[in-house]
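A.B. asks: Take a look at this one; I'll ask things after.
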Amino acid sequence: MKSAQMKMFVLLCVQTAVSSPISTADQAQVFLERYGYLQKQKETHHNAEVKSAIREFQWLSQLSVTGRLDRATLEKMSSARCGVKDVGSRRVNRGFTGHSGGHGHEQHLREKRYTHIGEKWHKRQLTYSIMNCPRSLSPSQVRVAVSAAFQLWSNVSGLLFQELQQGPTDIRLAFFEGEHNDGTGNAFDGPGGALAHAFFPFRGEAHFDMSERWTLSGLKGHNLFLVTAHEIGHTLGLVHSPVRHALMSPYYKKTGSNALLSWHDISAIQQLYGQPLAGRALRWAVPDWQIPQDPAGRSLIPHYCQGLFDAVTMDENGTVLVFLGHHFWTVSDGSVSDPVPLRTRWPLLPLAIEAAAFSPRDSKLYFFKGRRMWRFSGSDLDPGFPRKNSDVGLPSHPDCAFFYQPLGHMVLFKGSRYFVLNLQSLSIEPHSPRALRDWTGIPRGVNGALTRPDGNLYFFKEQQYWRFDPGKLSVTATGPWEQRLPWVGCHTTPS
Ligand SMILES: [Zn+2]
Ligand SMILES: [Zn+2]
């Protein structure tokens, strides 16, 4: 197996579009293992297993399904492609044995494996950064190509993307040569073969083979825009598509003037993140510090009023704080501030936080992002922070956090559960986590929550809010928050 792997490696290195370097059953087997059709680390495979793997490969590659290594199959195996496995990525095919039974069973598996989608981001605005550039393109060319690739996805989904030149970001793009600490299976193979690969949420990495000839226009080389758009699909949670014209098909293709995204790509991304927001006039493509200068000269609506923000809370003076990307807004008595960079108020805070809550109990502000939490007294980060969420029994990436008066503790939602955090002992209460259904009528995945002076809790998810009465333990009002809740600061007076 070792020598076959070596052969494969060498062959991929010299692979060109014309020749067919994978020509033997051994080489084909290595390929099938590499891309998840056959289980790895198995000395021998049953003939039936290999046959079934070949058929699987042929099906995904739109070849006639014969189970034989015919010329078309070997050629397809040799063509330039994405380095991400076609099957077996994440939990897509849990329970699959590589050996299929009846026809119906097989069909079922296929559907399960190719249409099921794994993890997704729990927020709608994602930041990205470009770590380095290929030799053949200038940094500004790369930035334009990458931005256009992200735009492709934001045009058809509820997602927004923003490039950050510094600081941590959700998604990072980088060029590497050969082995780059991703495991041997992910080592790049020189020109041709695997061009790039990426990881599913939440790792947020897309890697490109530095030794490819990357272009944006020419006929020679591989188009960076197309490959980036495909890899971004993976970072957002999409798996390879069996549809020939899909951008998420594993094979590199030079596309003409056809629409880049197929119905399969669009329906897959919308399954995860919904459709583009209606009336989304302002995009993150416009640097958000420019937002107050509405070019149409109309009254200025804060950026977050489009239905997107990272977190919301209210301080002891009744001032509402709304967080989005690397800015926050304050709203008091219905009037809203200009966007303020997060780091002018909290210098040690990461950008694009995921949850925030003010605790009237200790007059401190708590922030959550990824696996960690930050606690501030005013603008000062408290000693010992940031702390790992796991140290205090909390999950990573909470959906929202709020101080809950009736318990005198902080509550964090995450997926189908909630956690009660005792702020004095900084540990979760013994009875938590508990099922979210305790909060009757509140959906999963809320963006933010806060308690108003009237004692009611308000939950936000995209454009909707839910008012929750802690006395009745039920939802007493719901609707579009931008219109109905003046204290969120989206009511504008026409000029
Ligand atoms: Zn791929
Ligand atoms: Zn890599």
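Keep in mind that glycine also has a Cβ here, set from the backbone N, Cα and C atoms.
Curation plays no part in TrEMBL annotations; they are all automatic predictions.
Pulled these features from TrEMBL for this protein:
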- His180, Asp182, His197, His207: Zn(2+) 1 binding site (BINDING)
- Asp189, Gly190, Asp209, Glu212: Ca(2+) 3 binding site (BINDING)
- 306-349: repeat 'Hemopexin' (REPEAT)
- 350-396: repeat 'Hemopexin' (REPEAT)
- 443-490: repeat 'Hemopexin' (REPEAT)
- 1-19: signal peptide (SIGNAL)
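Surface or core, plus neighbours and distances: that's what I need for these features.
C.D. replies: Secondary structure from DSSP puts Asp182 (Zn(2+) 1 binding site) in coil. Annotation for Asp182 (Zn(2+) 1 binding site): spatial neighbours His197, His207, criterion Cβ-Cβ under 8 Å with sequence separation of six or more.
In the shown protein chains, 26 other C-beta atoms lie within 10 A of the C-beta of Asp209 (Ca(2+) 3 binding site).
Using a Cβ-Cβ cut-off under 8 Å and counting only residues 6 or more beyond its ends in the same chain, the repeat 'Hemopexin' (306-349) has close neighbours at 123-125, 127, 160, 162, 164, 167, 277, 279-282, 284, 288-289, 291-292, 355-358, 360, 363, 365, 367, 374, 376, 379, 381, 400-402, 447-453, 460, 462-463, 482, 486-491.
Mapped onto DSSP helix, strand and coil, the repeat 'Hemopexin' (443-490) counts 7 helix, 22 strand, 19 coil.
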A.B. asks: Please list the DSSP helix, strand and coil residue counts for the repeat 'Hemopexin' (306-349).
C.D. replies: 5 helix, 19 strand, 20 coil
A.B. asks: Just name the winner among Asp189, Glu212 (the binding-site residues) by count of other CB atoms within 10 A of its CB.
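C.D. replies: Top count of Cβ atoms within 10 Å goes to Glu212.
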A.B. asks: Using a 10 Å radius around each Cβ and all protein chains in view, which of these binding-site residues has the most neighbours: His180, His197?
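C.D. replies: Of His180, His197, the one with the most crowded Cβ is His197.
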A.B. asks: At 10 angstroms around each C-beta, which of the binding-site residues Gly190, His207 has the fewest other C-beta atoms nearby?
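C.D. replies: Counting other Cβ atoms within 10 Å of each of the binding-site residues Gly190, His207 gives the minimum at Gly190.
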A.B. asks: Can you work out the mean pLDDT of the predicted model over the repeat 'Hemopexin' (306-349)?
C.D. replies: 84
A.B. asks: Looking only at C-alpha atoms, tell me how far Asp189 (Ca(2+) 3 binding site) is from His180 (Zn(2+) 1 binding site), rounded to the nearest Å.
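C.D. replies: Distance (Cα to Cα, whole Å): 11 Å.
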A.B. asks: Can you list, in sequence order, the residues of the same chain other than His180, Asp182, His197, His207 whose CB lies within 8 Å of the CB centroid of the Zn(2+) 1 site?
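C.D. replies: Those within range, site residues removed, are Gly83, Phe176, Asn186, Ala187, Phe188, Glu205.
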